[in-house]
Amino acid sequence: MERLQGASARIDVHDYEGALIEFSKIIFYDKSIPEAYAERAEIYIKLCDFSSAISNFKKALQLRQVPEWEVKLRQLYFMKGLTLIEEGYCNDALNLVSQINSEDVKFIYLKALAYIRAGNKQLAFAEIDRCLERDPFNVEVMILKGKLLWSIDKIDEGNEMFWAAHAINPEHHEIVEFLSIMKPRAEEFYKKATKFIFEGNKALAFENIKRGLELFHDMSKLLLLRASLYRQQRDYEMALNDLERASKFMFAEGLESEVKSQIGLTYNDMGSSLFIKKKYHDSVTIFNEALNFMPQDSGIYINRGDAYRELKKFNLALSDYHYALDLGGDGKMIKARLSLTHYALGSQCFNQRDYEGANIEFSRAIEYYPGNAEYYVNRARASLEIPSGFESAYADLQKALELDPTHDMASSLIQNFNRDKKVSFVGGKFVKPG
């Protein structure tokens, strides 16, 4: 025990040669201490003598089965095999792996590496496929297969293996290097596609975008460009699919704002298309999606307000129009809509015999758009149903005729003022007789 402690003390001060001597002495006197072999194996690992380390762990395991030692022994076999391959001793590496006779993926991978170094690509592919059968998401194996495919001029297939590996671990150093090679090539196709768009040749633009995406999957710039083309063609589903893909790299490429705007615009166009088809409920749902991506866009609020108005949800429409106005939307356009909505509310109140409410809403409609004769005629009709509303009714009818001298109802009502037995003109005012 004292000798073991003394040997361990030498390890603590990095005196590995001295520690080896001490452990060798211990083993010389007593070959039944497994810890001595295990400790000596650890020293050989530090000295990169994998063969000696393997030999000592094997002896330690013959004396006692310790799972940790078994794991280290397998790791050593792997490192030894890798070293042999790197030094060009491929047959020795294959013999080593054959001795282990393991179905562990890393040893099958090692076998594939040895076959590659030996120039036997067919057997290498077979071992790689065995690896992927056991571990379909092993990034190292995918990368190895990608390189092997490149080596036999199957460039596209090799690229696809790298992209499959990228989907699992985009930070892997070889994946990062792969992207750095592919990106400039894809950028060239982006430039060509942009040029063709300006020339009005959408077919060639699509073709160059496709070729660029084959080199660099999910490149945000290319996907944004294609999404805009799909949106112009009203192929909204395809546009949104591309934009969803673009969102994967939008942070890395600094395009988060542009991607979100494109998604919002696409949803807005979809909503507008549904509105034209009179699918107002569906259009509201889609405009809601658009606002998730562009919450400060006045145009989307206007569009949703229009849909609410068609659904006779007038208060919701008014809320959207006012918010659009607050956001700096086109005042003339919004006020025209506010006017129409208040007029619709006024008509609703009138039909429900709420004449005072109708009067208020028609007044608001006039406030936002004072140039519509119809508004004045209907406010006059509401005023006629309200006590002491005759004078204002007459003024509204006069204004209506001023705006539209051919307005039949305005002419008829103003003529009936003097003829109606219920109304008389006294002291310059129209009053009901008592």
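Including glycine, each Cβ sits where the backbone N, Cα and C put it.
Because the structure is a prediction, the values reported are computed rather than measured.
The repeat 'TPR' annotation in TrEMBL covers 34-67 (among others). Mean model confidence for the repeat 'TPR' (34-67) is a pLDDT of 79.
If you look up TrEMBL, you'll see 264-297 (among others) marked as repeat 'TPR'. Secondary structure counts, DSSP: the repeat 'TPR' (264-297) has 27 helix, 0 strand, 7 coil.
In the repeat 'TPR' (298-331), the DSSP tally of helix, strand and coil residues is 27 helix, 0 strand, 7 coil. Taken from TrEMBL, the feature repeat 'TPR' covers 298-331 (among others).
For the repeat 'TPR' (339-372), residue counts in helix, strand and coil come to 27 helix, 0 strand, 7 coil, using DSSP. Sequence annotations record features per position, and here TrEMBL assigns repeat 'TPR' to 339-372 (among others).
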Three-state composition of the repeat 'TPR' (34-67), taking helix and strand from DSSP:
28 helix, 0 strand, 6 coil
Which bits of the chain, at least 6 residues beyond where the repeat 'TPR' (264-297) starts or stops, bring a Cβ under 8 A of a Cβ in it?
227, 231, 234, 236, 239-240, 243, 303-304, 306-308, 310-311, 327
Which residues of the same chain, at least 6 past either end of the repeat 'TPR' (298-331), have a Cβ under 8 Å from a Cβ in it?
264, 268, 271-272, 275, 278, 280-281, 283-284, 287-288, 290-291, 337-338, 340-342, 344-345, 348
